[in-house]
Amino acid sequence: MKVTKSEIVISAVKPEQYPDGGLPEIALAGRSNVGKSSFINSLINRKNLARTSSKPGKTQTLNFYIINDELHFVDVPGYGFAKVSKSEREAWGRMIETYMTTREELKACVQIVDLRHAPSAEDVNMYEFLKYYGIPVIVIATKADKIPKGKWDKHLKVVKQTLDMDPEDELILFSSETKKGKDEAWGAIKKMISR
């Protein structure tokens, strides 16, 4: 997909702040520091629309980005970061759950995992949550450039097994450095929004 327009619309914490207009939405979820912002920026060919941070757990709101006036990307707060208070974590959990379970415009969730490591307990919980609520999911295994090509299949197998992935769900190898998987990711997203 050729992106000619991409900008942040709103950072929301409650449903009344979500944008109107009925555009399809793709949520992006992943552990803090998994490379979510880099994934968004490389998909839309922008250096810093989604702010990348060396401080994990920085996104504490649902950030809605409009893409080509056709769809919204919704950047969800990173999960699994220890330096955040329990009450903050619970508040984020409620905010994410409310959005994911009630938003009619939500077409799918892109769950981003780090190819270098087996998915964490939080990754597994997130995947199970999405499956439980019947939210279509695309799993992106990022940071592929950090692993020798010959080991990709082995690492992808670990991701599939740890998440106990539904064979119907797409698993895409991705690198924001080399742009590997960018076309496949857009292809999967387009399929979801046209359903």
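Any Cβ shown, glycine's included, is placed from N, Cα and C.
These figures come from a predicted structure and were not determined experimentally.
Listed in Swiss-Prot for this protein:
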DOMAIN    22-195  domain 'EngB-type G'
BINDING   30-37, 57-61, 75-78, 142-145, 174-176  GTP binding site
BINDING   Ser37, Thr59  Mg(2+) binding site
Taking 10 A as the limit, how many CB atoms besides its own sit near the CB of Asn33 (GTP binding site)?
18
So how many other Cβ atoms are close to Lys36 (GTP binding site), meaning within 10 Å of its Cβ?
26
When DSSP is mapped onto helix/strand/coil, what comes out for Gly30 (GTP binding site)?
strand
Where does Lys36 (GTP binding site) sit in the DSSP three-state scheme?
helix
Could you say whether, by DSSP, Thr61 (GTP binding site) belongs to a helix, a strand or a coil region?
coil
Taking the binding-site residues one at a time (Ser37, Thr61), which has its Cβ surrounded by the most other Cβ atoms within 10 Å?
Ser37
In whole Å, how far does the CA atom of Lys143 (GTP binding site) lie from that of Ser37 (Mg(2+) binding site)?
13
If I restrict to non-local contacts, at least six residues apart, and a C-beta distance under 8 angstroms, what lies near Phe174 (GTP binding site) in its own chain?
Phe39, Ile140, Ala141, Thr142, Ala144, Lys180, Gly181, Lys182, Ala185
